[in-house]
Every structure is written in C-alpha cells, then in structure tokens.
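> Before we start, here is the structure in question, set down as structure tokens.
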Amino acid sequence: MSSRLRFDARVFGAFAIAVALHILGTWLIPGYSAPFAIRALLVLASLLAIASIGQTLVVIVGGIDLSIPFIIGFANVVAAQLYGGGMAFSLVCVIVALGAILIGLFNGAVSAGLGLHPLIVTLGTGTVVQGAVLLWTGGFPSGSAPPAVSAFVSIGGSTGPLPFPPLVPVFVLLAALVALVLARTPFGRRIYALGSNPRAAPLALIRPVAMWAAAFAVSAFFAAVTGVLLLGFTGSAYGAVGQPYLFQTIAAVVVGGTALVGGRGSYLGTVGGALVLTELNTLLIGLGLQPATVQAALGLVIIVLLSLYGREPAIRSTI
Amino acid sequence: MGRIVARLGGIGFAALLLLVLLVVNVWLTPGRFQPSGWLLLLGLAAPLIGAAMASTPAILSGRGGIDVSVGPQMGLINAILIKVLVLDFGIAHPLVLVPAALLIGALIGAFNGFLTTVVRIQPIVATLGTYLILSGVTLTILPAPVGPAPVWLKSLAGPLAFLPLGAVALSWWFISRSAWYDQLMAVGSDDRAAFTAGVPVTGVRFFAYLLSGIYAGAAALMLSALIGSADPNVGPTYTLIAISAVALGGVSLAGGRGGLLGAAVGALDIFLLQNALTYFNISTFVLQIAYGSILVAAVVLTALQTRAVAARVQHV
Amino acid sequence: MPEPAIETRDIVLRRGASPIDERVAAGSIVGLAGLDGHGQEAFLKTLAGLDRPVSGEVRFERHAVTGFRQAVARGIAYLPRDRRATGIFPALSVLDNFAIATLAQDVKGGFISARERRARFARYAERLSINAPDWSAPITTLSGGNQQKVLLARALALAPRLLLLNDPTRGVDVATRHVLYDVFRELAREGMTLVILSSEIEEILLLCERVLVFREHAVAARLEGADMTSAAVIEAMFGRSAA
C-alpha cells in the first residue's frame, strides 16, 4: 500500500515540479507565460513526450533504447528525401514506419534472444542506421515536409477554437491511449510482469523475446513519428536533429518515476518528466545562460531532482 | 584455474579479432607497424584504451553500474591541465600535473560514487547528470581549443607512451590480488548474496566509481599527450566508444565478469579496425556503418561463444 | 487401472540413469520424494515440458508433451518451487499476479475488464481462503502463505486437468498448509490429477496415494498402501534395501 502511494507521489511530484518551474519562470522572466511562449512549451514537451513513449515501455520491460536519436534522424531525413523526390506522403510514412519497426524488432529480439545488453545492441544499430542515412544523402539531405505536417506542429497554429496546433490535443489523446494500453491490455500487463521478474515470466506464459521485440518496435515507431514531426517543425531535414533526445528521453522517463530496473513506472509520469525538462530548458535559456551552462545546470538539476525522489531502495531492504 | 578460464573465455573472441586485425593492419600498412613505430601507435591508441579501462570498474560492480561520464571527465581534466594550470598559471611540472589529473579524476569519481551508492540514484542517470555538468563546465572554461601542452606531456604519446598505460595496468594487477577485487566480483555477480555474506556492498561499489575516476584522470593525461592541446569537444566522444570496447572485450554489462585486460583488448580491436578502414580511404559514413555492424556482430558472436562454452560445461 | 492421465515412456533424466516408465491415473495424487538433486525435480519439470529428457517420451492424454506452452495449452499447470525467484511479480498487484497467465479471459472489447477480473479472483480467494485486504496492493504486502495461494490460484485459473506442484508448502505456515491439503484433496475428488514434489515426507504420506522415491535420477522405489511408510521412503532415499 505504502509503495503505491509513494509511486503516485513520484508522478505527482513530476507535475508539481513542472508547475513550480513555470511559476518561477513567470516570476523571473517577463513574457514567460505569454500565449506564444506557452504554446511553444507545449509543442516542445509534446514532441519529447512522444519520443519518450517507447523509452517508457522499454525501460518498464527492463531495457534501455539508445537508438531513438538515430531513428529520429533516419525518419527525418528519409521522409524529406522521399517526399522531396515526389513520392506520395502517405507512402513515405508507411516506408519510414516499416523501416523503423524492423530496426526496433531487431533491437529487441537480439537483446532478449541472446541475452545481450540492449545498451550495446541499440548503440550498434543506431550507429549503422546513422551511417547508412549519411551515406545515402552524402551528408547533405534535401527535401521538406508537406505543409500539412508543418501546420500540424506549428507553434502559431490552432485547432478549431483551441489556441494550440493540432499536435497538442492529438498528443493528449495519444497519451491517454498509451496509458490505457499499459494499464488495461494483456500486452501492457505482460510488459510490467516481464520487467518485474524476467525469470517468472515464461512460467506465466509470457514470451520474453516477443515482448522485447514489440516494446523496441513501439519505441522505434514513435521515434520515427517524432522524426517526421520534427521535419514539419524545423522545415528542413537534418540528420542530427534527434541527438538531444538520446539523454532527454531517458531523463524524462526517470524524472517521471519509472525505475530503470524494470517493472515499475507509468507513461503519465513520463509526460510529467517531459514537461519538467522542457520547462527547465526554457527557463535556463530565458535566464540568458549560454548553451554550455544550460547543459551543466540541466545535469545538476536532474541529479538534485532524482536525489529528492528518484532514489533506489537500500540493498538491506531488498534482501 | 577456473578463474583463468572464466577470464579468457570472455575475451577469447576479442583476442582472436585482435590477431586477425593485427595481421590485416600489418599487411595493409607495413610501414606504420615497424617496431620503431610501435610507441607512436600505442600513443595513438592510448586514450581509447585508457577510457575503456576507466569505464570497467564501475561496470564490474553490477546492478546497472556504469559510468557514462568517463569521456567528459577526460575532457574537463584536459581543459583544466592545459588551459588553467599550464597556460593561465604557468604550472607545467609533471609532479604537479600528474597528481592534479589523478586527484580531479578521484574527486569526480567520488562524486559519482556518492550519487550512485549513498544517494542511490540509478547509475546511468546519475553519471548522465555528471556527463552534462562536466561537458557544460568544460565548454564554459574553454570555449575553443588552445595549446600547446608541455613537451614532457607530449612525449607520453611518443617515446614514453608505455608509461601511463603501464602504470594503470600495474595498479590493476595489484588491485586484482586484493580482497577488494574478490568482493567487487562478488557484488557484481550477486549483490544480495554478497551483502548477506557480510561484504560492505556500498563501500565496494563506491571504490569502483572512485577507481573509474582515477583511471579517467590517467586517460585524460593520455588524451592531452596525444592532442598536445586543450580541446573541449574531444573528451565526450570517448564515452560510448569506450563502453563498446568494454563490451567487446567480454566484460559483462550486468557486472561481475571481465576485467581491464579484456577492456584494453576490446579498445585495441576498435582502434585497429578504424585504422584498417581508414586505409581504404572510404567515406567516414561507410566507416561508421562498418563500425556499428562489427560491434553488434562481435557481441552476438561473444554471446554465442559463451553459450557454447556454458553448454559444454553442463554436459561434462 | 483407468486410462492414465500422464505417462512417461522410458524417459532417461540424465545420461547413464535408468529409464523411468510411469503411469499416473486420472484423479490420483502422486508424490515425488528424494534427496535434493536426485532427479525428482527434473522429473516434474520434464512432465511440465520445461526440461527435455535425454531419451524417451512424456505423453499427456495420449499426446506427446513437447514443450511448456504446449503442455499448458493441453491442460497441464505447473506451480514453481522458488516463490520469489520464479513465482511472484513483486512490483505487480495481487490481481495482476493472479491473472497474468490467463489475461485473455478478462478482455472485453479489447480492454481488460476490472470487474470481470475481480469477480474471477473472488472465486479463488474464497475457495483458497486468501487473506488479502487490498487486491490492488503489490503482492509483496501479503504473507508468504497468501502469496503461495495467489500463485496456486494463478495455476488453477488455467483450469488444468493435471496439476504439477513443486514443493508447494515450502516456507508456508502450518494453518495455510492444511488449507492447501484440503484443496488438493478436493481437486483430486473433482477429477484433477496431482503430482506433488515435497521435501517433507510427512506431507506426502498424508496426501498421496502413491509415492515415487528418486535416487540418482531414477525411481528407486514405488510405494503405495501399507508399504508407504516414513521408514520405507527414507530407506529408498538413502539407497538402502527395504529389507
């Protein structure tokens, strides 16, 4: 009972810190709560939260995915290149999604099937994917996103009467769906069970390799979605556009209270974590800090936050 | 005996790959592999070997133990040594710089150890935090590369290249004979059992991070010697490649299995691989693809080999 | 003898060990005894399809057992020995731990129905008298005995016709033990076949109609009726003649 309360407290804590940071920002920086600034914040947080969907699943199942930034770059560049070459955008999306899913399936199946650490496997496949994309484009990708994608994520956009681009409400629905799938489907429950006790899982009719493959495929798919959305957001293709997401997805998941040892956590927490990171970044840049200093401060704040509520149990209490 | 078999079993593949790569490299570029050029090559490979060895103790300590801040540690120490001590304060004596490098490494290692074992933040996230802090601080004190490094320091990448690597190897040789080493391996393979058996798990793990930091200080000296200047952007690139080298060298990322020798062999593999691929003058993009594929193939083969060995042992 | 529920056709558990040719009648309770590591656990796992015999074949209701998932699909359930290592999912709730092997049964319109799941668990909670104040709390909030009952409920939810129990009362308090014994007898009366491995001879004598005593990965003695005494089992365990 107590652990459930503490668990909810972690999720609540992430949102509380996001709100506190926002209040601090509004107090310190003029215009921090201006409609445009809030829209920008929500768009950036939504993008990070979408990229972190898969990381949440992968971490709950007991793994970690370092290939996310590379797949974001892959989707970003390939989509632009194909669409720029005159292909129908729907077909482009199918190709990009299938490519990403195949990479994800490989990551999960190889890690679980051979008992390899996913850190190395995903780093290896990520490196290959990035190299292949660079080779294909010669390092200078071209092309752009269809206007519809740009409008979908544009900070200045609106959705009917809502003052946000469609990305924000669509993301809210998506987040609810992800939370529902994790909490109320056999797939979701098996993900938690496998992460909680990998040795007991096969005896409970859970297929570890299939589950890992599925979790990493989901991760790759949403990384690809993020890559395409980023194409609409920035307007042009850029292979390294995903790099900040390498550590940020992990940080969002952990700040949201999901334990890296597997079996515990929630997507709602990750959304809170994504908000915290976006608020922090915006706040620090708004205070006029240099990018290098922002980075250092971000690292420090992540450590402070986790030492407040992301602590692991002492070994004494795990016996 | 069992210990030796277990150790060599892990690095078997990396050692075989090393042999093949050596033959290929000597065949491709005989000029570079003349005995007279060995020290130069060693100096060239040293920072990666040092980074891989520095990454190892934390990984050996198990339960997700890892230090992803090794690269930025090397970067920051490089910046402090050359930019702050040598250029700003004019202190260039080896008896100051060498202890300073190791001391800063030890301090950062102790900080990481404190975060992961006392505060108990998951190691990859804690050291990721350190990663961001260190690389941020490095860029703040050193926005652009400056130089040069003192002559004696540069010689550590030339005629004296064996010195820093030898010192690390020797220290590890002594450590691997200590009670702490046995405790580290016990904690790494099963921390609960070790704790129940009375091993001070927290202290053992803390020292592993401390040691990773000290070795990162040594690796920073190797890096400074090689580049002969202070450069804020080189250090962080070593982190992931060093961890790859460690995995390639048969060190289990789950902890408790492997050692510095394996890590060094894995790092040499990667160095020789890059060297051979560069010879073909192919684009860095192909190099990257080859590097990633070989990394995955190598860990897959190592896993299969470990399985085959385990299966054989079971049937006897 | 009625149609056997499960039979082993000359299975060899380890190279060099004598083959085991055994039939277990439907609706009976058979015990497995032996010193630790003498093959009784390997035998039980072979019945479950978890281990493969060196040679020979296991047949359940006239079909060969080829693997664990296939065995479960045909009507076999297995309760593992080490509750903490291979039984419970410590981070998950009591309900999750109960339903994890039979998740599809609660799905309505694509999602798990919480009401369905609770109703299903309620039946087992009553039958096994599971003492769990909060079904949504992690399973680790329960006592060892109640955790074991939840695991038994998980196995029974598969509606098996053959139940394989690997030391089911290990680390369970006396009161809970007797509840479990009653449940096992009742299940057998309803027609379920039970094979129980136990490290306690008394338990086997109390529950089983027949006991197989293992020594060196083979059956050293088959005892039933008046021959099934503590002394006879111990003698067979240690490889002394029954004389």
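The backbone N, Cα and C atoms fix where each Cβ goes, glycine too.
On a predicted model such as this, the values are computed, not experimentally measured, just so you know.
Got these off TrEMBL a minute ago, pasting:
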TRANSMEM  B:6-27  transmembrane segment
TRANSMEM  B:39-60  transmembrane segment
TRANSMEM  B:80-111  transmembrane segment
TRANSMEM  B:123-144  transmembrane segment
TRANSMEM  B:156-175  transmembrane segment
TRANSMEM  B:206-228  transmembrane segment
TRANSMEM  B:234-253  transmembrane segment
TRANSMEM  B:260-279  transmembrane segment
TRANSMEM  B:285-304  transmembrane segment
> Other than its close neighbours in sequence, what residues sit by the transmembrane segment (B:80-111), given a CB gap under 8 Å and a spacing of at least six beyond its ends?
67, 69, 73, 130, 134, 141-142, 146-147, 149-150, 152-153, 206, 209-218, 220-221, 224, 229-230
> Taking a Cβ cut-off under 8 Å, which residues six or more beyond the ends of the transmembrane segment (B:156-175) line up next to it in the same chain?
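For the transmembrane segment (B:156-175), the far contacts come to 39-40, 42-44, 46, 49-50, 53, 181, 211, 215, 218, 221-222, 225-226, 228, 259-260, 264.
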> When each of B:123-144, B:206-228, B:234-253, B:260-279, B:285-304 is checked against the transmembrane segment (B:39-60) for Cβ pairs under 8 Å, which one has the most?
B:206-228
> Sequence-remote contacts (6 or more beyond its ends) of the transmembrane segment (B:206-228), Cβ cut-off under 8 Å?
43-44, 46-47, 49-51, 53-58, 60-61, 65, 67, 70, 73-78, 81-82, 97-98, 101-110, 112-114, 116-118, 147-149, 153-157, 161, 164-165, 167-168, 175, 180, 184, 234-235, 238
> What same-chain residues lie close to the transmembrane segment (B:234-253): Cβ under 8 Å, and 6 or more beyond its ends?
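Contacts with the transmembrane segment (B:234-253): 9-14, 17, 47-49, 51-52, 54-56, 59-60, 66, 68-76, 78, 131, 135, 138, 219-220, 223, 227, 259, 261-267, 269-270, 295, 298-299, 302.
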> Sequence-remote contacts (6 or more beyond its ends) of the transmembrane segment (B:260-279), Cβ cut-off under 8 Å?
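Hits for the transmembrane segment (B:260-279): 7, 10-11, 14-15, 17-18, 21-22, 24-25, 28-29, 32, 44-45, 48-49, 51-53, 55-56, 165, 168-169, 172, 241-242, 244-251, 286-287, 290-291, 294, 298.
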